[in-house]
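Participant: Sharing a structure below in structure tokens format, with a few things to ask.
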């Protein structure tokens, strides 16, 4: 009896201890992305303690041009900065003016971050490259749940900064700079035209720490190269105002009659367009009819907006205002406008297939003719997300032109000046005779890596909104004037009617995010080798009904994937035009990504998020190496971009 009770007691005790152990291992619902261990250092160790003689100052912070901050407009959109006050060296460093204030005992500058879907406290801090910390963001926003970050959420940020101490430093500005892995005190002194002693003194007699901010002392205000001063004298301003007033009066009198006449003609034309459009929409499906609620004619602004859910945003003083955030909608063009833009759809403006080049109001466009069935199957619902309009890596749909039921309609896309990726890696530009003869049309290794990164970012965006592209290939990757990649055919996955076998549907038949990933792996192979997979395998395009060819393809494909996993044999498939001007380690990592993406089992392939992170690390490594080269030949903050458009016209939809 006693033995039985003892066994029951021991069994219960073991169960209780096991429960407690498992409970301690399980994650809590209040977990955050911040890691306190990584940010345990005090701000004072980096020289940010307030000085009693200076409570605030105007200074600057620096960001490197990388996602999500590519340009001036990115900073203005994400951080709410005034575009006219930003100093942006294209492709190099972004210089941000800030007001540094003493908050308690520590200097900091306040900014507001406009969140997007997928943001976390950690991702925001990482995007700012050490100017703030994950824990600081969480402390400054105690009432905002990290799990609910998304569009229209405003985060308050405390940017690290400092003011020069009178009598101690001769510097007029202490610029906050994110230290890179390859930065050193000596290299920073050369880049910013200062001394090593001044940098060490400004940072509490210590050196610089990679991936942490450092203070760079400058004795003058950084200025944009070639900038023009905008400080005319009072006399000049008065004269300018008088000239404007006189010109306005004359223009008003002379244009009154003209305005009345053309106003009537324009109203009549607009009425005809809207009547024709509504007639077309009334015969379509409910989703297309819903789009009519967002349609504006060309007499309106390029971007119109609709209200958000909360109906409030922060104004310039960071207070809640009544202005309603809005979403971009499509523009509707009259058929006569497209005729004029394309010179009556002349052969000289024909790009390929049903796509024409057009120029309207000084803007280059790609205009695609589509039949009624294609227009009906176009996924207009994707365009309701404002992130589509601001996405740098997707060819944007700008507008439409609806015609009669029995006539073809048109989709209007942004125009990519430098053709498709296929044109470049297959060296077809010479055949098209659309390149500048003095230029050698060739993609360098670093440019190829950046294009792979751009496509990965586009896939990450599309899969985040649960959209499967279904037609990812080098012919549908286009290059803008800066040779950055943009994915075409967005919204047309239901319009694809290709009957020929492709590499991915020889292995699997259903469309899914994994099939897009497979297609991405094929593009990476083309970038590496300068050849199509068919050329690498020694095969030709065949009909999908050929079972023997399918078995041969799968066998040869497995052999090619094994080749990508061998660093020595990889040289055999590298594009010969690259010569030795590429990193073997970088090429092997890209080949590994291609190999992982084309795994036979869909569940074994990485996600678009994983791919973007892996390629991003390669881009960062290349940029760090390039920074070292820039230091040797430049001593200023700002340099001009050397990229030039090489192609006159390019297709948007293949």
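Don't overthink the numbers, they just go from 1 along the chain as shown.
Each Cβ is built from the backbone N, Cα and C atoms, and glycine gets one as well.
As listed in Swiss-Prot for this protein:
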type	residues	note
SIGNAL	1-25	signal peptide
TOPO_DOM	26-241	topological domain 'Extracellular'
DISULFID	50-102	disulfide bond
DISULFID	57-163	disulfide bond
DISULFID	100-161	disulfide bond
CARBOHYD	103	N-linked glycosylation site
CARBOHYD	170	N-linked glycosylation site
REPEAT	177-217	repeat 'LysM'
CARBOHYD	193	N-linked glycosylation site
CARBOHYD	204	N-linked glycosylation site
COMPBIAS	227-238	compositional bias 'Basic residues'
TRANSMEM	242-262	transmembrane segment
TOPO_DOM	263-654	topological domain 'Cytoplasmic'
BINDING	330, 331, 332, 333, 334, 335, 336, 337, 338, 368	ATP binding site
Participant: Out of the recorded positions 100, 161, 193, 338, give me the one sitting nearest to residue 204 (N-linked glycosylation site) by CA distance.
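Facilitator: So, of the listed recorded positions, the one sitting closest to residue 204 (N-linked glycosylation site) is 161.
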Participant: Can you tell me how far the Cα of residue 336 (ATP binding site) sits from the Cα of residue 57 (disulfide bond), in Å?
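Facilitator: One finds 57 Å between the Cα atoms of these residues.
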Participant: Given the recorded positions 100, 102, 103, 170, 334, which one's Cα is the least distant from that of residue 163 (disulfide bond)?
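Facilitator: Among 100, 102, 103, 170, 334, 100.
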Participant: Summarise the repeat 'LysM' (177-217) by DSSP state, stating how many residues are helix, strand and coil.
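Facilitator: Its residues fall into 14 helix, 7 strand, 20 coil.
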Participant: Please report the distance from the Cα of residue 338 (ATP binding site) to the Cα of residue 100 (disulfide bond), rounded to the nearest angstrom.
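Facilitator: Taking the Cα atoms only, residue 338 (ATP binding site) lies 51 Å from residue 100 (disulfide bond).
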Participant: By CA-CA distance, flag whichever of 330, 332, 334 among the binding-site residues is nearest to residue 161 (disulfide bond).
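Facilitator: It is 330, whose Cα lies nearest.
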Participant: Show me the subset of 103, 193, 330, 332 whose Cα is within 10 Å of residue 50 (disulfide bond); these are the recorded positions I mean.
Facilitator: 103
Participant: Looking only at C-alpha atoms, tell me how far residue 193 (N-linked glycosylation site) is from residue 170 (N-linked glycosylation site), rounded to the nearest Å.
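Facilitator: Given the Cα positions, residue 193 (N-linked glycosylation site) is 14 Å from residue 170 (N-linked glycosylation site).
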Participant: Can you tell me which of the recorded positions 100, 102, 103 is spatially closest to residue 332 (ATP binding site)? Compare CA atoms only.
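Facilitator: Nearest in space to residue 332 (ATP binding site), counting only the recorded positions, is 100.
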Participant: So which recorded positions are near residue 57 (disulfide bond), with CA atoms within 10 Å, out of 100, 102, 103?
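Facilitator: 100, 102, listed in sequence order.
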Participant: Measure from the CA atom of residue 170 (N-linked glycosylation site) to the CA atom of residue 103 (N-linked glycosylation site) and give the result in Å, rounded to a whole number.
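Facilitator: That separation, Cα to Cα, works out to 24 Å.
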Participant: May I ask you to report the DSSP-based helix, strand or coil state of residue 163 (disulfide bond)?
Facilitator: coil
